Each structure stands twice: as structure tokens, then as C-alpha cells.
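Trainee: Let me begin by handing over the structure; questions about it come next.
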Amino acid sequence: MTRARRSDNALTRLVRRPGAVVALVFLALLTFAVIFADVVAPIDPLTQDLARARELPSAAHWLGTDGFGRDIYSRLIHGGGSTLGGALLAAVVAMTIGIPLGMLGGYFRGWVDTVVSRFADVFQALPTIVILMAVIGAFGNNNTVAMVALGVAMCEGFIRLARAMTLQVRRELYVDAASVAGITSGSILVRHVFPNIRGPLLVQLSITAGAALLIQAGLGFLGLGTPPPAPSWGGMIDEASDLIYLHPWLLVPTGAIMILSILSFNVLGDALASDRPGGVLAGVRLPWMKPLPVAEQPVAMSELVPADPKAVVSVRDLTVSFTDRNSTFAVVQNVSFDVMPGEALGIVGESGCGKSVTAKALLGLIAPGGKITGGQVTINGTDVVGLSNRELRKVRGTTIALVSQEPMVALDPTFTIGAQLRESIAHHTGRKGRELNDRALELLRLVGMPDPAQAAASYTFQVSGGMAQRAAIALALTGEPDVLVADEPTTALDVTVQAEILDLLRSLRKDLGLAVIIVTHDLGVIADLCDRAVVMYAGQVIEQGAVDTLLTTPTHPYTRALLASMPSHAIPGLPLDAIPGAVPAPRDWPEGCRFAPRCAFATDACRSAPVPILAQHGGLSRCIRVDEVLAQSRNRTEERNIA
Amino acid sequence: MTIEPLLQVDHLQMRFKNPKNRRNTVHAVDDVSFTVAPGEIVGVVGESGSGKSTIGRCILGLETPSDGDIHFDGSDLGAHSKLRNRRDLASRLQVVFQDPYSSLNPFRTIGQTLAEPLQALSRVSDAQADARVRDMLEAVGLPREAADRYPSQFSGGQRQRIGIARALIMEPKLVICDEAVSALDLSTQAQILNLLSKLAADRGLAYIFIAHDLDVVRYISDRTLVLYRGRVMEQGASADVYSRPLHPYTAALHAAAPVTDPVEQRARRTARAKIVRPAPEIGPTTGHAGCPFAARCAFAQEVCTTDRPADTPVGERSVACHMYNATSGHTRQGAGMSGVELAVT
Ligand SMILES: Nc1ncnc2c1ncn2[C@@H]1O[C@H](COP(=O)(O)OP(=O)(O)OP(=O)(O)O)[C@@H](O)[C@H]1O
Ligand code: SF4
Ligand code: SF4
Ligand SMILES: [Mg+2]
């Protein structure tokens, strides 16, 4: 059997969280003190000294004395056993009954589930305090019995949670894979389901322990559970509340220790719940690791793209950086391009190359933790970098609009498509009444809805993915923008539907003069829709040019390799021209040419210094060996022509 | 004499009840028949919701079919199967899933995940299992130390390699690859396709290769099944299906997949307009009679909406379209739709 590396077990992961460490230390100290109460608090908790009643803390009585002159510190420590132990007992009983039942119900469903759910219903219907009173009535006032009963009464929460979580996890593919592999249901439950529902159950455990602590204290307050004069936290709160005006201090130590205990349970539960093995991802650095040197600023690209006053979008040296606990690192660097009115520009590359960050930055949309750290983005003459959110909102929608991969995210499932369009039209254009509706129908017709009236009356969940994307495009058009940014608008769609959406974007360009910036990983989509393309790799533009030449005679080895790795270009039976390795994460970008580790043309010169992007062969290319690349392509074509 | 097929699927049916409307059932798989020979790679293409995954899940026993027969390597797995315990199948029939993220248990090391079926099904010692796990990891192009790490420490492409290792460690005869490369980037996809091809050739594996990308299926599979709304529209040798589509839906799929040559792409766009009606579909057709593609087909006639097209043999292929059936009453005779040009007389 293989074993996890030593440094990666639940405990070592836990101690990386400062909050959890404090909670753990607190609970450990408390447990220690309670177990060795006689040593830690040698004063007898029952000894009264009426002469020294209601004293504030002193050297003799660290936390003062109560109404009978008993030492509060000692009573807290000695009373902790029954209180904490009782609360834990109740929580453990609830867990032991609830988790297996809930998991069985959720996993096997059918009649097992029905029985389990009815069982849970019974305990939900009966008030906890009634159950407790009945049990105390039957078995006498005994803390252990009361706490076991409390546990049974509280098992309902565990049943429901375990059941709901199991229902969810059993749909995971690894559960399917295990059952295909012939693993028994029991093993699947223990090995695959339980570890994945453990987190929320631990939170439930801490909540239950906290609640049990309160109920236990409540019982003490009622004079039940632990019979006085034996100390218990609940009993002490009861006594303190009697003296609240005479000696308010009395409430402080007991209240504080209860609050701290409950808090510690919750913090610990939270930390355990979010625990994941292998959390130390490649590329994620811990504080004590040496930070990576951020790759040197590459040569500015802006000079290569001459300013054109006609451009509707003009991006110059756009740099976007993210900050985490340890450092700030760029994910997009010195990106420059222009888009003319009515033009379609494609941004293409593999995942993680910075396409979406670039596209969203055009609208001033940057995820939390990120920031535009350099460059300008000029939309219709206005530089939007550094605009406030209010100013940005004016630009968004009316000048530049966004369509995303998931139309369902842009659309609200609780309103009809028509209602959302009308609201947005009213917001952008100030139209009212009938005009609103007419415009909404006009837009739906424009995006090719076969029956605009019916579409307007539909909710998003009633239409297919392609229709939803049309509706999302209609919504983006409500503010009559000049530029539409479409981030993978067809990736979630089937090819036949994708073709229709691309047709739609083409007709919008023609009919409205709309400029389109489309982000995609599919070079075919670029060929279909775009005039020009920007190819990105590891946060940089590596090639830029007219689509007709870029896709037929690429100058950059990455563009060339991407084209070659497409299965449509492959001959069955022969291996595909795969690019070795993978796109590096931003922190692992190499010093020199970022593509060098994967490039078939790489030489030492490529690795020694950042490679600038240069105007060459009719386009822009970030490669020092363009001539060799083109020569090899020519040879290949000749070979193929001869063969 | 023909070779005994490894897998034979006959008239497979899978109906799901619509939870919101009891009377409305979804025909996820509607009378699907095909075979897989030992060592053969059969591709299944179709758009999302066409029933591709459901066919795979029925074969794997993750769903119980509503009707139909499935025979795999001497075992009956169909709707009326008496087989209670599929454990002994596990070593012969395996799966690689699409989602490299949800298909690995985040709480178990790669070694634990891979060793689990080995230890459950064959009595091997810990040391033997560990050695086989590490050998398998090497075979899929990962370092042997990968066994000690957790899924979160791997990229999507690496996880897919792990998924392949898990499927192959039991030395199965048939592996169902359900969109096994669809979630991957182009360069990673090429790496995984090469790996799958190599493993199939080295080990004599058969695959059912489920994908929505016609190019991927053409590249990897010997034969292709084209699925639309739970029905097989066309099946035959991949090279033929791709170079000379017979069924209008296959031709539409082909013409809709964009190519990277801008000039050729413009030609495809023109061709597509001739096969698919320009008006987009209005919604899922619920009717069971007729051809499922009729709402979008440029060649649809009266008979297409009333009669279900029979699977008609055309050469080595089988096509479910009235145009290929002389007695159907359709006035056109299909003669294949080669690439971008339509040859309908
Ligand atoms: N458990 C289920 N309950 C109800 N309907 C289902 C269930 N599973 C699948 N379906 C329906 O069956 C049809 C076929 O589904 P299936 O998952 O096989 O499609 P697919 O071709 O694999 O699609 P994708 O490419 O999106 O994975 C769909 O209409 C789907 O909604
Ligand atoms: S600069 Fe060198 S390593 Fe980079 S792409 Fe060009 S040839 Fe390859
Ligand atoms: S049967 Fe009719 S509708 Fe269906 S594909 Fe053939 S011609 Fe088109
Ligand atoms: Mg599927």
C-alpha cells in the first residue's frame, strides 16, 4: 500500500492555519486542566468562606470568589469535566447515530432512505427539551443519562446533513469509477464517500458540541444535569445571574470560558472542514519558501502598434497582476492591439494563457486580488484604466458589452427573457412603456429568435443552450454598444449550434457595424469569424496578424504547433504532432522565451533573455527564429506536394 | 466466417421519466444496435444530450437499460440480465471519464486510487500492488513518485493520464472513453490521443470512444456511430463516414465543424446552408414518430415527419434516412454527400 508523504497529513495541514492552532491549543490546555483538575486547581471547589464572598481577583483567588466565598477558578476547572465532557458526549452520540443512518439513506435511496428520513422527522418534531425532561423524569437527575439523551435528540441534524452530502457525492465520477472497478458498497462508503463528506460533518460536530454546551448550561441553570453544589458552568451562570447587580464580575470568567470554548469548537470545525490533502499545489508557495524572481519586464509592445485614431478599442501595454499572500505576479503582460469599427478580432491560446483576463480587463472587470498594473485601454477615445466603478458602469453596456461562455450566468432564471431585456433597455436608453416591449422584440428578432414573442415570455431554463446564448447576446445589445466582447461564446455549445451563433455574430457585424472581440481556444472559430487574430501564450502576445496569413503560414512556433496538433490535420494511424509539456503557471514563466521549454526550434539564445515581439513577415511575432520556422514550413509543403 | 464480437448491443432502449411531468418520458437511447470486435475502436459522436454517455453507462452497469440486450465477452448485461454481481466484469470492462477533476477522489493518493481495484479483485500483496501501480504510471507517462501524491497536485492532462492508468491497471479488454479528451487543451488533447492510440495498439484494447468532436473520432476510431436524439443516424468505417457522409445530419455535423483554413472554411459555410435550414430549431421535438432530424433537415418531406426511417444498408454502411430507402416514398435518392459538396439527385 502506498502512503502519503509524511509532511502531508491532516495534522500538519491543520497547524498551517493560525486560527486553528490557537483553538487547538486552547482546547488542549482546557482538557489538560480539567483532567488534572486537582493539581491545576488545588483549592477545593466546594469549600465555602462566607467572610471572603464576592471578591474580585487576587493572588489567593485568581478569578475571585462567588457568593459563598468559593474559588471561581477552581469551580470552573472542576466543573469543566461534567460540562465539556457532557457536551462532547452528546455530540459524539448524535454523530455516531446520525452519520451512518444518513449515509445509508443517501447511498441506497429507495426504502432505506424512506425509513431513515421518517426517523429523522420524529426527532425534528419532538422538542429537545421535552425529550430531556422525559428522560430525566424516568432515570433521575444524572448528567450522563441526560447527555446521552441529548445526543439522541440531536442526531437529526447529522442524519440530514450526511444524507444530503452522500446524495451529492454518490454522483461523483470517482464513485462510478470505483463501482465499475468492482468495489463493494461498504468500501465505497468508507473510502470514497465518507472522506468527502467529512468536512461539513465536522462543522456539524462543532456546532452540535457548542449547542450541547449551551443546553447543558441551560440544564444547570434549571438546576438539572449536574446537581449543586457540585460545580458546573451552567450552574455557575445561574448563580452569577442571581448576583448580577451585587457582583457582576461573577459572570465574566464563566461567560468568557464558555464563549471561548464554543468559538474554539467552531474555528476548529471550520479548519478541518476546508482541509484538503495535497493543497500545496505546484506553483503555490508557502511563506517560508523563497519567492520566485518575477520574469523581467519584456520589451514594450506599444511602439509596434501605431496609434490609429479610428480604432474603437485601443489597448497599449496592458498588464494585469494578481497579489496573494506572498507576492504580486503578472498574469498578462504588455498586451497591445487595436480593433477597428465593425472588425472581428480573435484572441486565441490554450487555457491559462491570459485570454479571458485580457478580455475582461477591457471592461474593467478584474477578479478580486487582481489589478491593472500598467498600460492603457482606450474605448471610443476614453481611457478606462483607473476609472471608478461608477464611471465604468456608464461605459459598460453602452460602448462595450460582454457575452460569456455560460449564458445562464448572464441571465436571471427568475425573470422572463423579455422582462430582463425591458429592464436593461429602460436602464440604458430611458425608453418607456410600449416602446420598451417593441425594442425587446426587435432585438430578439435581430438575434434570430424564430418566435420573438414566445422567446420573450420564456424563462431561461425553458430554452436550449443555443437559444439562451442568443438571448444573452440580445441582452448585451440593449445598450447599443459599439464593441461586443465574447468570451468563449460557443464553447459550451454543439458544433451545429456553434455555427449558428457564429453566423449571428457575423450578421451583427454587417448589419450594426459592431466590432467583435472573440476569445476562443478553437482556431477554426477564428478562421470562421475573424479578420485578425492575437495569439497568446503565458500572458504575452506571441503572434498577431491577419487571419488569412496567420493560420496558413504562422511565423511563431507556438501557433504552428497548435495548428499541427489538431486532430483534423492528422492522418489516422500516425501519431499527432503533440506539443510536449504544458503551459507554465504565471510563477513558473521562464526567463527567456516563455515557449522555449516546449519549442522544437529553441536554441540557447532563446533561453538567455526575454524575447521581444517584432514586426516581421507582415505581422508581429515574438520569436528570434522566424526565418527558420518559415523555411521549414516551406520544405514541408514541398515534400507534401511531391508526395 | 466473422470473428465473434467482444460486445454486442441489440435494440438498446433507455427511457428516463421526466421528474416534472410524469407522462413525458425522455428517450435517451432509442433502439441502438452495434458491435465492437476485439481490439476495435468504435467512435460514438453526437451533440450533447444525444444519448452517448447513457449508452456507455448502460454497458458499464451504472444504469439499468429499459429494454434491449447487451452481450459482453460471454456475459449478458442487458435489460433482463440476471447478473447480480458485476465484480468479475471489472477486470475486463473499464471506463475513462471526461471530467479529470471529479473522477479522482481528492482524499486518496494516486497510489491508493490505483491499487484499490487490484487489491479488491485479485489477491496481491501490498508490495506487488505498489509495483504494478508505479509501472502503470510509467506506462501512461507519469513519474513513479506520482503514486504518493494527491489529485490536486496534478494538472488536467496529468489527471486524465491517471484516469487512464486506473482503467488499464486491471488489463481490461474494453475501455469506454466517455469524452476522455474533451475537457483538455489542444496540445494536451493531442498527447492523450497519442497515449490512447499507443496503449490500444500495444495491448490489443478495444475502445468505445465517445466524443462530440467528429475530427477526434475520425482520427482515433476504426468505425463511427453518428447519434442524434438517442438514435443511430449512420454507422460505418470512420474514413467513409468522414470523407463521404451519407446522412444529412452527418453532413451537417461535418460542415459545421470549423476548419482552420479560412478559404476552406468559407466553402464549408456555404455547404452547410444547403444541408441545414437557416431557421434555428424551435425546441426539442417530442414526437417519437418520424425522423428526429426533420425539423432542421433541408431535404425533409412529408414522409420524414410521419414515418421513422429504417436502418438501411448502403454498401458497408447503415443509414437511417428515407432518401436511401427506395420504398420509403421520399422523392429524392441520396447518393452521399461528399465533404462539402452535396450529391443529391
Ligand atoms: N438520470 C437522468 N434522469 C433524467 N434524464 C436523464 C438522465 N440522464 C440522462 N438524461 C437525459 O438523457 C438524454 C441523453 O443524455 P446523455 O447524458 O446520454 O447525453 P450525451 O450525449 O452524453 O451529452 P453530453 O455530451 O452533454 O454529455 C438527455 O436528454 C438527458 O437530459
Ligand atoms: S524564440 Fe526560440 S524558443 Fe521561442 S519560439 Fe522562437 S524559436 Fe522557439
Ligand atoms: S429522413 Fe428525411 S428528414 Fe430525416 S434526414 Fe432523411 S431526408 Fe432528412
Ligand atoms: Mg456525455
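Here, residue 1 is simply the first one shown, and the rest follow in order.
A Cβ is built for glycine as well, from the same backbone N, Cα and C atoms used for every other residue.
This is the feature table in TrEMBL:
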DOMAIN    A:80-269  domain 'ABC transmembrane type-1'
DOMAIN    A:315-563  domain 'ABC transporter'
TRANSMEM  A:21-43  transmembrane segment
TRANSMEM  A:84-107  transmembrane segment
TRANSMEM  A:119-139  transmembrane segment
TRANSMEM  A:145-162  transmembrane segment
TRANSMEM  A:201-224  transmembrane segment
TRANSMEM  A:244-268  transmembrane segment
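In the displayed structure, how are the listed features positioned relative to their neighbours?
Mentor: Within the chain carrying the transmembrane segment (A:84-107), a Cβ under 8 angstroms from the stretch's Cβ atoms is held by residues 30-31, 34, 113, 115-117, 119-120, 143-144, 146-148, 150-167, 170, 185, 188-189, 193-194, 197, 201, 204-205, 208-210, 212-213, 215-216, 225-226, 261, all 6 or more beyond its ends.
Outside the transmembrane segment (A:119-139), and at least 6 residues removed from its termini, the chain residues within Cβ reach (under 8 Å) are 101-102, 145-146, 149-150, 152-156, 159-160, 163, 215, 219, 224.
Sequence-distant contacts of the transmembrane segment (A:145-162), counting only residues of its own chain at least 6 positions beyond either end whose CB sits under 8 Å from a CB of the stretch, comprise 86-87, 89-95, 97-103, 105-106, 116, 119-120, 123-124, 126, 128, 131-132, 135-136, 139, 197, 200-201, 204, 207-208, 211-212, 215-216, 219, 224-225.
The list of residues near the transmembrane segment (A:244-268) in space but at least 6 beyond its ends in sequence, with Cβ under 8 angstroms from a Cβ of it, reads 19-20, 22-24, 26-27, 30, 54, 56, 63-64, 66-67, 72-73, 76, 80, 84, 203, 206-207, 209-210, 213-214, 217, 233, 236-237.
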